[in-house]
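Student: I'd like to ask some things about the structure below.
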Ligand code: SF4
């Protein structure tokens, strides 16, 4: 996993709240068995609409998505994160994220930064007034900068550490394999097994 | 201070706890299906890793599988590829799989409990958000993403941060015609789709205690629609009775040991929840959703709300958008909304009791002319049970289509979909835009409301129906 320290890229204002994972990537795309190539699927229903923000040439190369509250609700599909990443997004900013989506993002190196809704609104204003404006997401400083705005960003310590180190979860857990084996040795025997 | 049920189960599974890091939690049961697993297995192969505990893992095919002509090759190529990939992965990694056509095949959340693999006090995960269903047994059960699926396959653990706890007290008794689906729709309407964020919900109170296991599963199933990771109900006699005798239930001495432990799985009297919410079951009516998220629900006797009546601007905008998508006008009585399709099924309401309840309503009646009614059992066992009780006949005489088991129109990954603009009354759990097919419009309802809606063609409850045209069930012909 690549390390994430800070990133600067075109900000995309997505003025919707409650963007659920069915909107981020509809279920029909979940049939694929590969891990990459989902960029065409991102927001596919909305992209048919010419006025949709990503269809605006100045936003097309966006890499920082600035969304309304409760982003990523609904299904646990990790494809939502792959689609955002494959499209080129490095970070999503919102006042509130759905838990599973946030967890999935952290694992894939997509930063989910929590900002006050007031700051989100100010950034939206800048991005809409001057499409193509860049946003800097600074994980080290835990802040977002856009034009004159400097907004504090919340990311929990552990996720921040892992993203900045670029560490993979399974590798981390494998360091404790003996403890897992000890735990298994004392599991009650009445717990069910799927194989005989 | 005492502990809540969720805390007890959590603490019993901590493999490792370290300052500043998430707890490493042991996973007792990992359920797998074709949609969220291929990339996890691909990850294992790329890293040269094995599945640590195939004996705590179970796979079934459900999301993509057709509900007609199941003996023919799956027509849709990508669906077939996903199924084939799962079969190959299970074979390569030694995982038990119940494929299409197998008696134990079905929706993963119906299959686990039915086999007795879901038991009190367990940790259960699956790459599917409705894993919360299993919490009805007093298990800590939650959905995970594909990276986590890979993590559990490789290590049988997950690094997790503790959840907050919320008590949902459902006091009083449900009135006839209302069901556990109405309870959960009312809960979500009350706390909102984000209200449960970061919480494990524990459903308590008289109304919950008097529910059957299957009805409890319906409630826990939809905890995720309130934003919660998991929902739980403390195990009691109803739970023990349900588990006992199932293929994977403990037997003999093991049963006694298990039972003793299970009985300790209740929130201590002096435990404190981070939040408490109370709902009066006696006041509940059948609930239906009018919008495009499960929190946009109202009693069936109400009218489509006016967006202007919502307090916050975001809520107002969301309501406006929802009404536009749903093609509804404020003030229209919900009972006057005409539907094209009735879907009875899913991991929320595709169990035998759901089918019995719906069959009871439609028995001896004919469906409304322009309505398509689709009945899809949650598992093949449910289908067989229903057929042995003659429910399939009742449904087909009613004019409904009787199908093979699977997720079906809950999410429309197989051919069972709404066409653009079509409207459904659905016993499933999500009414998101396009969930049941592109441009489709979904009203979430209980099986009773679904059945009554099939009869009248507009959103209805059994109380809206004329008395049955045929003699009651004692005088079957
Ligand atoms: S029935 Fe619906 S909600 Fe349940 S597992 Fe299948 S797709 Fe998911």
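Backbone N, Cα and C atoms are what each Cβ position is placed from, and that goes for glycine too.
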Student: Of the residues B:220, B:347, only one is listed by TrEMBL in the [4Fe-4S] cluster site with B:407, B:410. Which is it?
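Tutor: The one candidate that TrEMBL places in that [4Fe-4S] cluster site: B:347.
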Student: Validating a neighbour-count step here. Other CB atoms within 10 A of the CB of residue B:410 ([4Fe-4S] cluster binding site): how many?
Tutor: 31
Student: Using all protein chains shown, find which of the binding-site residues B:347, B:407 scores highest when you count other CB atoms within 10 A of its CB.
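Tutor: Neighbour-count leader: B:407.
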Student: Per DSSP, what is the residue tally for the region 'Disordered' (B:415-477) in helix, strand and coil?
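Tutor: The counts are 16 helix, 9 strand, 38 coil.
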